[in-house]
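**Q** Here's the feature list from TrEMBL:
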- 1-134: domain 'Globin' (DOMAIN)
- 290-332: domain 'PAS' (DOMAIN)
- 453-505: domain 'HAMP' (DOMAIN)
- 510-739: domain 'Methyl-accepting transducer' (DOMAIN)
- 552-567: compositional bias 'Polar residues' (COMPBIAS)
- 552-571: region 'Disordered' (REGION)
- 710-748: coiled coil (COILED)
- 760-809: region 'Disordered' (REGION)
- 800-809: compositional bias 'Basic and acidic residues' (COMPBIAS)
Amino acid sequence: MTPKQITTVQESWGKVKPIGPQAAQIFYQSLFEMDPSLKPLFKGDMIEQGSKLMTMLDAAVKLLNDPDKLIPALKKLGERHLNYGVKAKHYDTVGAALLKTLEIGLGDEYTVPVKRAWTAVYKILADTMIDAANAATTLSTKSEIDNKGNKEIMDTTNSNNELAVRLQGALDQSATPIMMVDRDFIITYVNAASLSLLQSNEATFAKVYPGFSADKDKVLGACIDMFHKNPAHQRKLLDDVNNLPWQTDIKVAHLTFSLNVTAILDSQSKYIGNSLEWQDVTEARTKAIEVGRLSSAIEGMTTNLMMADTDGKIVYCNPAVIKMLARRETELRSILPAFSVATVVGTNFDSFHKDPAHQQNLLGNIANLPFTTEISVGSLTFQLIAIALKDENENHVGTAVQWLDLTEEKDAQSQVEGLITAAISGELDRRIDTTSYSGFMLGLGNNINELMEAIVEPINDAINIAQALADGDLTQTMDSKYGGQFLLLADAMNGSIENLGNMVEEIRSASTNVFDAAREIAEGNNELSQRTETQASSLEETASAMEELTSTVQQNAENTTEASKLSSGVMDKATNGGEVVKNAIEAMSDINKSSKKIADIISVIDEIAFQTNLLALNAAVEAARAGEQGRGFAVVAAEVRNLAQRSAGAAKEIKGLINDSVEAVGQGTKLVDATGQTFTELVSAIAEVGKMLKDIDSAGKEQSAGIGEVSEAVSQMDEMTQQNAALVEEASASSKSMEEQAQGLLEQISFFKCVEVEPEPVTSRAPARRAPVGSAPAKTAQGGVKRETATRPPSVRRATKSDDDWKEF
């Protein structure tokens with residue numbers, strides 16, 4: 001009891017004293033609830049009893065600073081309590097009721113320091129009263145010598161009878177069951193507590209010891225051998241006083257009793273019997289077994305647990321918490337230099353906290369428990385779970401604290417959060433550092449790292465394939481063995497690469513075909529261009545020949561007119577008539593030859609138109625093969641084909657006219673021949689000659705008109721040929737551009753590197769046969785054109801009714 005505790009008790013009592021009657025009522029109510037057997041000890045008016053109680057407490061509190069006055073008063077009070085029947089165990093109940101009264105009376109001001117101060121003070125008061133009560137039951141003796149010289153033991157009390165009465169009363173009122181036996185093991189005494197114990201368990205004793213009765217008269221005088229299976233063993237044990245005192249537990253059916261056997265000696269120290277104290281410890285032993293089990297469980301459990309008393313002093317640490325603290329001892333010492341695992345038991349909780357008063361208030365109030373919190377000690381993190389410890393009467397006797405080392409868990413949580421954040425940002429190379437982990441956290445960290453590796457591997461494979469694809473390499477695949485979604489990813493990537501490779505190969509093959517076709521079209525256009533130039537040259541020569549023919553026809557007309565004019569004087573010039581007829585015959589022969597040459601020229605024109613139409617058809621076919629890129633060229637080819645068809649139509653008309661002219665010339669030639677043959681009849685037939693000359697003049701005019709039409713048709717053909725030449729040049733340029741684009745496409749496709757596969761045999765497509773480019777038709781000596789026959793591709797020529805019959809393909 002310290003001065004500070006005395007001051008705390010006096011100050012708190014000053015706050016309770018004004019509500020004395022209420023406090024007394026609370027005290028007795030709590031006391032009787034805790035131990036109803038105490039109620040008979042209080043006789044009289046309870047209000048008066050409460051007033052006396054408050055007066056006594058007030059006097060005791062005031063005398064705390066004056067022990068010389070306080071202790072004698074407490075001793076007298078203890079002796080009175082003994083006479084009232086108060087036992088030592090009752091003081092604990094009274095103390096608990098007093099603390100309960102203070103807790104209710106003070107309210108929020110009932111703190112842990114107040115509780116500790118009252119507990120310390122009351123303990124001293126109670127111990128003093130208990131010691132006084134015990135002293136009152138002890139014999140105080142002294143030795144005296146009688147007149148005969150004999151030494152006697154003289155009772156210092158008033159009389160032996162008074163002492164015997166007091167001892168008898170003490171034994172009778174004792175809460176401890178006691179019986180006594182003589183040297184023959186006959187029961188000579190049983191107190192009330194012992195009889196009560198026998199009576200409460202009479203049925204059990206009767207089952208084990210048939211005929212047993214808990215009646216006092218039957219118990220007294222009975223031999224204790226009836227309670228033993230082997231009486232000889234008990235007798236041998238009790239025969240030797242040196243074996244005493246002797247303690248043991250005995251089992252009676254399901255009951256367990258503790259025995260304490262002592263020797264009874266007379267005034268001459270003669271061994272005259274035994275005193276037997278016994279208790280029903282069945283519940284206590286059961287609890288002891290349970291406590292043992294709990295202790296073993298706590299000792300062997302992996303949960304970190306320590307216990308402390310109500311003052312915060314650590315009284316127990318299980319091996320798990322010792323192991324945990326030992327593992328963290330270095331880190332703890334860096335913050336708490338005085339910390340040592342070896343001395344942690346006996347240390348107060350206050351040494352671990354910066355504000356001990358806060359912890360005392362927290363743990364001292366049972367209403368706050370259980371309480372969970374986290375504390376940081378340097379780099380360490382612990383979770384503490386405080387639990388209230390209670391005795392069998394639900395009194396708060398201490399605190400148990402469970403320690404959870406969250407250092408690794410917190411670190412792992414931080415690392416996992418960082419790993420997740422990095423993964424969200426696309427950084428998949430971060431891993432959890434498990435070098436400082438152990439147990440579950442070590443396994444968890446390693447498993448998370450393995451999980452990341454399993455995720456990263458297929459992603460890296462996919463990245464490598466994507467990078468190879470960016471470089472045009474289509475030979476890389478995801479060849480590792482995967483499962484689940486990763487297998488689907490691998491199959492999708494490999495399938496995409498394979499499909500892309502196939503597509504590139506198909507594009508490459510198609511590009512090669514387009515390039516070959518464009519090159520063939522370009523060559524065909526070049527040939528067509530050359531043919532068009534040749535056709536234009538032939539048309540120029542035809543036009544020149546037509547001019548000559550026109551001149552000749554006009555001369556014939558003039559001659560015919562002149563002959564008509566001179567017909568009247570033919571008789572006068574009969575002598576010259578033969579010469580004139582001869583000249584006429586020669587002229588008609590020349591006309592006939594010229595007409596045939598014109599027919600030959602028209603045939604050449606017709607053939608050229610046919611070849612042009614055929615080439616235009618081939619160009620349209622090749623343009624269709626080229627697809628979108630050949631669409632413009634297809635339009636050009638269609639125009640060329642239309643022009644060729646128009647040229648063929650015009651040539652056909654000219655041919656008809658020429659045929660008519662040739663026929664007319666032939667007829668004229670026959671007439672001239674007849675004239676020559678009948679020249680002798682000229683005179684007589686001069687009239688007919690004049691008429692014939694008029695006919696010839698009319699036919700010459702018609703021939704002149706026909707030749708004019710032929711000349712106009714030739715001019716139109718020349719104009720169309722020039723247009724054809726321009727279109728052919730455009731088609732040639734387009735085909736050349738298409739060839740260059742196809743070459744560029746092949747170069748682009750060559751960027752990709754594909755998996756080499758065994759090529760399949762392919763039948764090469766034979767290029768279309770083209771008509772060989774002929775040289776310009778050679779001119780004849782008469783200025784005509786020599787016809788050349790061009791080879792036609794048999795694969796595209798259709799059977800026709802005649803060579804002059806043109807149809808759409």
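Glycine too: its Cβ is placed from the backbone N, Cα and C atoms.
TrEMBL: automatically predicted annotations, no manual curation.
Would you situate these features in the structure and describe their surroundings?
**A** Each residue in the domain 'Globin' (1-134) has a pLDDT score, and their mean in this model is 84.
Counting residues per DSSP class in helix, strand and coil order gives 24 helix, 11 strand, 8 coil for the domain 'PAS' (290-332).
Note: the domain 'HAMP' (453-505) comprises 40 helix, 1 strand, 12 coil (DSSP; helix = H, G, I, strand = E, B).
Broken down by DSSP into helix, strand and coil, the compositional bias 'Polar residues' (552-567) contains 16 helix, 0 strand, 0 coil.
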**Q** Cβ under 8 Å, sequence separation of at least 6 from the ends of the domain 'PAS' (290-332): give me the contacting residues as numbers and ranges.
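**A** Residues packing against the domain 'PAS' (290-332) from afar: 115-116, 119, 339-341, 344-350, 356, 359-360, 363-364, 377-380, 389, 396-405, 407.
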**Q** Just give the helix, strand and coil counts over the domain 'Globin' (1-134), going by DSSP.
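**A** Per-class counts: 121 helix, 0 strand, 13 coil.
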